[in-house]
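Notes follow once the structure below has been shown.
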């Protein structure tokens, strides 16, 4: 059977589907058409859901907004500081080594100090390992841009992780990335997945939702897997960092190199003397001024004596665009770990070359014989020269060193320069030469006449013979010719290409001295003679003899030169014909200095002119007036013809220089003119229609431009557009950043530093004097050294007001006056805080302990730090404890002593006399003055009866009279509530942990608390006897019988009346009154006093009545005056109104009259 072939699908070429496909291929948006065709499908179905969607979209958009800040990052930003933190044995060093190997292809052994690498074209990274010391954690959290938080997944979170996170939160919270290690210890995948999830969510709780957490699954040969490390490196390379407030407002340096500059002699005499130290590192944060004040955490505050910027030891790659760095650009700089290659200092460069490299170079370098001869030399050059003998000619006598004595040199003290100077002592021959030379003019020094040329030629021939003689004896040939390769027998050159050294100025002086007519000869100094003697081979020594022969034979030459003048003149003429014709010398009579021919050097002392070897001129150039050009032009080539085409009239001219164009312009400019000879007027012929048309076009364009400008102005005023306030703010910040960059853009670094200071990104050197010797002697590169710049007022110490809260994980409450170690700003210091709480009436009440779950105020004596700076507190930085170490966190509120802290003081007194509601109180005060201060103060009893202090009593001292709401009992206790001001203790003790010996830097202990002192000294608290429990003994109390007044008893019903009448007792003595019988004299006195009192009362009453009548009359007069005054005012008002009315009527009549006339 045969399978039936299916019908092939035919594509539609017309119809709605085909049209849709065509539109899809052309990528024409059909959304608008769909909205038009089916508007109900795109209508709002639910207004509530629409509002929710809109609000959610706006919330997401608003969350992305940050307050824009001015971008102050320099063009070459400093390396990003990456702190690798975590508990011990979690893999910090291994991760740093793997990341360094990933970026630089280099392996690093021990991680000591900061390690800087180039990770990309525009980014450098500085890795720093954070150990378990809480001092190191606090310091590195202040300078970190990124924290790699390593977590042992097999164990879980440890206290160090949470401590470091809390430290970071207080000091600005840099970017934090978690890294889980030891994941290969999980055998069950489900357990691994569950652990990852739990750790991730707990990490998100501490940092923020969605914080990146990396997983390093396992290790291969002691390193993490390459792909995982590469992914981590990519994340680090592209991560963006938000500027932190403290870092951007303070300059700081993470030191990667330290040098001790102290005089060794001073250290030898006094090992404990203060040291002068230079510290190196990249400047970060903001601009650093020279000679400012810095703080080194763990050491103290210091004044910087000098700041310099150095070449970048780890520069960013520059040049063309490329995707990756080459091997040379993958730089690694870690001076504390012994890596870095080149170390730049202020006045020197140190090159660190490994031993293996030196061995390889020795095998390949051609100058090893010279180095070997230096090593093998056992005798100095003076000894060798003293033993050597020189014979000038074959049959001449032998010369010894004693025959030619050196003139003695002497040292002279120069008082103006305060140093010894070396005086030059000349011989008689040298003085004669100087006198002869001084007689000649400057032209004779620079221009060569014929006689000198002849002398040179004869000298050249003589030296040629001498050279051939020396060559026969096996000596090395003279020094280099230009463009001639060196032979193997040549002397080892000290400035060859492999040595990377330049020729010194002394060498140049030697060449010029030898090149000038062979007369000026530089005497070899000791260093030169030492260098000449380095190669002690037979050939070099014989060559030295030949040089001495040539040097001494110049004297004998001068005698014989004048004998053969005729022969020399003819030779000079022939040589002059062979030389290049010097046109300048022929025309002006002098030759130029820059036209000297290259000469052959002989022994580094003489130059031999060989004009016949010059390839520019032929040998048959006899005519001295003829000048032969270097090369001839080939005029057959088209390019040569085009190069001179513009020089002729027929060539192609520029548009503005073309004749036709210029004639046309002249015609337009001077169209109408009159011929002055014939009187004929020539007018420009133009088409009037074209002129009108051009005018209309111009007018139309002007109108359109005006309309466009008006519309643009209208849109700018009334159309908001898509730009929001946030966009405007960002644009403004962008403009400010561009302005900041453009200010010093074209200025060199030296000048720029003087105006704005050292900018971030520079590699700087800071010299700090008076550092403690322990800083250098106990230096440990595993602990970071940070130089934090201080502001203008941050170097002072004063009172600080803070808001503080005990950390919820710290297991003990904090007590007032217990010493506390604070990390505030760059500093770590110990101080004694006072805790207080603000009451509703503004009073700051001292607290004995911090509240459990609330903020409280704290006052300390410490360094002035800007308001709003966060701080954290620990009770001890020594060792590690199982519990959480961060005791409290808070923020600085104020910087003065405006807050007065008071504590409650209860003064107690006892009543000793009671008169109804008045009492005499004693025992509360000691003197009358104390009572006078508290007059009017409120007091109360323990039972709650309130009272007031009235007046002091004379006896006993300190007693006073007080009144109460109710009658007191003798057993009542009266107390006065008062507030006593408390002064803040002035303790500021910096934590100097970096000065401790190696291995003990985490054992710093400052001032101990009272409890620690008692515990260490074995002192037990003696209890207060009043606070101890005692047996209570209460005496039986007798109550007085109830007494009901008789009147009340009468009103009571019979049921409530007293039934048993008690017998009436005796009347008490105080109720008994004695009858007073006056004497006759007393009666007379009493009657007289009564009469006088009556008279006085009568007179007083009469005077008072008279005064009242007089006052009544005065009031009536005053009332009459007021009425008259009102009447006058009324009349004046009427008169004024009458005049005003008449004036108005006149005006009205005049206006009516004018209207009628109209």
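Any Cβ shown, glycine's included, is placed from N, Cα and C.
Look at TrEMBL and you will find 1-40 (among others) tagged as region 'Disordered'.
The compositional bias 'Basic residues' feature in TrEMBL is assigned to 1-24 (among others).
Residues or ranges marked as compositional bias 'Basic and acidic residues' by TrEMBL: 25-36 (among others).
The domain 'Bms1-type G' annotation in TrEMBL covers 77-242.
Taken from TrEMBL, the feature region 'Disordered' covers 401-458 (among others).
Per TrEMBL, compositional bias 'Basic and acidic residues' is recorded for 409-426 (among others).
Residues or ranges marked as compositional bias 'Acidic residues' in TrEMBL: 427-436 (among others).
What TrEMBL lists as compositional bias 'Basic and acidic residues' is 442-451 (among others).
The region 'Disordered' annotation in TrEMBL covers 468-487 (among others).
Taken from TrEMBL, the feature region 'Disordered' applies to 492-536 (among others).
The feature compositional bias 'Acidic residues' is assigned by TrEMBL to 497-511 (among others).
Taken from TrEMBL, the feature region 'Disordered' covers 1050-1071 (among others).
Residues annotated as region 'Disordered' in TrEMBL: 1102-1158 (among others).
In the compositional bias 'Basic residues' (1102-1111), helix, strand and coil residues by DSSP number 10 helix, 0 strand, 0 coil. Per TrEMBL, the feature compositional bias 'Basic residues' maps to 1102-1111 (among others).
Taken from TrEMBL, the feature compositional bias 'Basic and acidic residues' covers 1112-1126 (among others).
Residues annotated as compositional bias 'Basic residues' in TrEMBL: 1127-1137 (among others). With DSSP states grouped into helix (H, G, I), strand (E, B) and coil, the compositional bias 'Basic residues' (1127-1137) comes out at 11 helix, 0 strand, 0 coil.
Long-range Cβ contacts of the compositional bias 'Basic residues' (1127-1137) within its own chain (Cβ-Cβ under 8 Å, at least 6 residues beyond either end) are absent. Mean pLDDT for the domain 'Bms1-type G' (77-242) in this predicted model: 92. In the compositional bias 'Basic and acidic residues' (1112-1126), helix, strand and coil residues by DSSP number 15 helix, 0 strand, 0 coil.
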